[in-house]
Amino acid sequence: MTEMNCPTCQKTIEYSKQNPFRPFCSKRCQLIDLGEWASESHKIGGKSAHEEMFSEELEQMIKDSLLK
């Protein structure tokens, strides 16, 4: 049996296939975590793929305008 802490409430839980909410202790904690990702309280560090796309588009627009 592997035990761990719920990432949301820190309650000690058994990490097993019998827990449908793993790694969370409950549906409530699972939804709290989802809400934090949706509101961007949690983020993955680094440059956004959208920012990179926009910067490439801007560079192309600048090049195009200089060629006119």
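Backbone N, Cα and C define each Cβ position, glycine as well.
TrEMBL labels come from automatic prediction, so no person has curated them.
Listed in TrEMBL:
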BINDING   Cys6, Cys9, Cys25, Cys29  Zn(2+) binding site
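Each of the binding-site residues Cys6, Cys9, Cys25, Cys29 was scored by other CB atoms within 10 A of its CB, and the lowest score goes to Cys9. For the recorded Zn(2+) site, residues Cys6, Cys9, Cys25, Cys29 set the reference point as the centre of their Cβ atoms, and the other residues of that chain within 8 Å of it by Cβ are Asn5, Pro7, Thr8, Gln10, Lys11, Ile13, Phe24, Ser26, Arg28.
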